[in-house]
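According to TrEMBL, the features are:
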- 47-82: domain 'EF-hand' (DOMAIN)
- 120-137: transmembrane segment (TRANSMEM)
- 181-203: transmembrane segment (TRANSMEM)
- 215-233: transmembrane segment (TRANSMEM)
- 239-261: transmembrane segment (TRANSMEM)
- S245: active site, nucleophile (ACT_SITE)
- 273-292: transmembrane segment (TRANSMEM)
- 304-324: transmembrane segment (TRANSMEM)
- H305: active site (ACT_SITE)
- 331-353: transmembrane segment (TRANSMEM)
Amino acid sequence: MFRTPTSSSYRTKYLAEFHRLVPSPEDGILLEDLRRRMEAKKGELKLNNRQIDVLLREADTNGDHRITFEEFEQYITSRSIQSSQMKRMMCLLADQVTTPSQRVEVHSYIDEYHLCPPPLFILTTTLIQIAVFFFYYCEDSGTKANADVWTDCAGCFVGHRHSEPGIFLFAPKLREQAWRFLSYMLLHSGLIHLLSNVIMQLIIGIPLEIVHKSWRIGPIYLLAVVAGSLLQYSMDPRVFLVGASAGVYALLTAHLANIFLNWSEMPYRWVRITVVGLFLLLDFGGAIYRRFGADECDEVSHSAHIAGAITGFCFGVFVLYNIVDHLWERIVRYISLAIYVIFVLLCIGLTIYQQPNSKPLWQSPKCSSV
């Protein structure tokens, strides 16, 4: 799962192609010699015409009229050689969360990708969330006179007078229905809530999924949702839960984990950390102020946000793709996994211990009647 540049299947292929052209690859080759050899061996090379044209036209970046393997590799995997506008756009998105050394493999993967659109997990999840919301809203608008699309918690409550918890809602008294610890991510308390989540997860999640693949981003997102409901129930077992915010926060902190894993090569790392850090600081700082300063009854489930953030970073450090794998990074990865496992086990233990009528572990006096 974690490979060094020398073990990359793509780099091995490109090095073999370079060997076919250059007698001494470590010294590179004069541009004119490369041009003649590529024309002579064009039928034998596993490169398409677009790759050859771009290489001959643009590869000599330092102007020394000599092509090194690094220049060869960089240009046959550049965005401009991708066969479609969709793939060029995918490369552009992927470049926002990759280091220069990762782009060879990522661009090569995109070049071979034949599904459209490729980031299937984030897009599929988003489409399901939108479909569920509007399906239940259409039902609600026919039975509820005051169903406002911006604030209606569509699908949260069903039945006569909408008094029964919907099948997806996380309802504490129905905790034995284990799917509810995950399915609540499909419901949202109004269109504003839905849009804020899906826009964030599309902006952050698609670039991450293009680079790290669905089988890494999917588990991070889903584990964050489950951890969010476990922690929220542990803190206050009377609260109903809806929304995908735990998964969105996991994507945010997975971006931080990606920066951490590739710190030395990640471009604009301080800008990235500052933007994400400010968002998290304002959100959690505002929650702390409302809770302890203004003493307001905050209806937002910040426990779920916290669980999502922990999942995204700790599990992300363990599972995200790291092209150059150092010993200290392997150690940190397993430490992060151990911390996350302990966190989840504690949440599970508290969930088993807490009963639906138990008092919250802490509570504002203004929320005592909730």
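Sequential numbering from 1, following the chain as shown.
Just so it is clear, glycine is given a Cβ too, placed from its N, Cα and C backbone atoms.
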- Query: What same-chain residues lie close to the transmembrane segment (239-261): Cβ under 8 Å, and 6 or more beyond its ends?
  - Reply: 97, 125, 129, 153, 156, 165, 169-172, 184-189, 193, 197-198, 200-201, 204-205, 208, 211-212, 217, 220-225, 227-229, 232-233, 269, 272-273, 276-277, 279-280, 301, 304-317, 320, 322, 329
- Message: What residues elsewhere in the chain lie close to the transmembrane segment (181-203), defined as a C-beta under 8 angstroms and at least 6 residues from its ends?
- Response: 122-123, 125-126, 128-130, 132-133, 136, 148-156, 166-170, 175, 221-222, 225-226, 229-230, 241-248, 251-252
- At the Cα level, what's the spacing in Å between H305 (active site) and S245 (active site, nucleophile), rounded? 6
- Message: Neighbour count, 10 Å Cβ-Cβ cut-off, for H305 (active site): what number do you get?
- Response: 25
- For S245 (active site, nucleophile), what is the tally of other C-beta atoms lying within 10 angstroms of its C-beta? 26
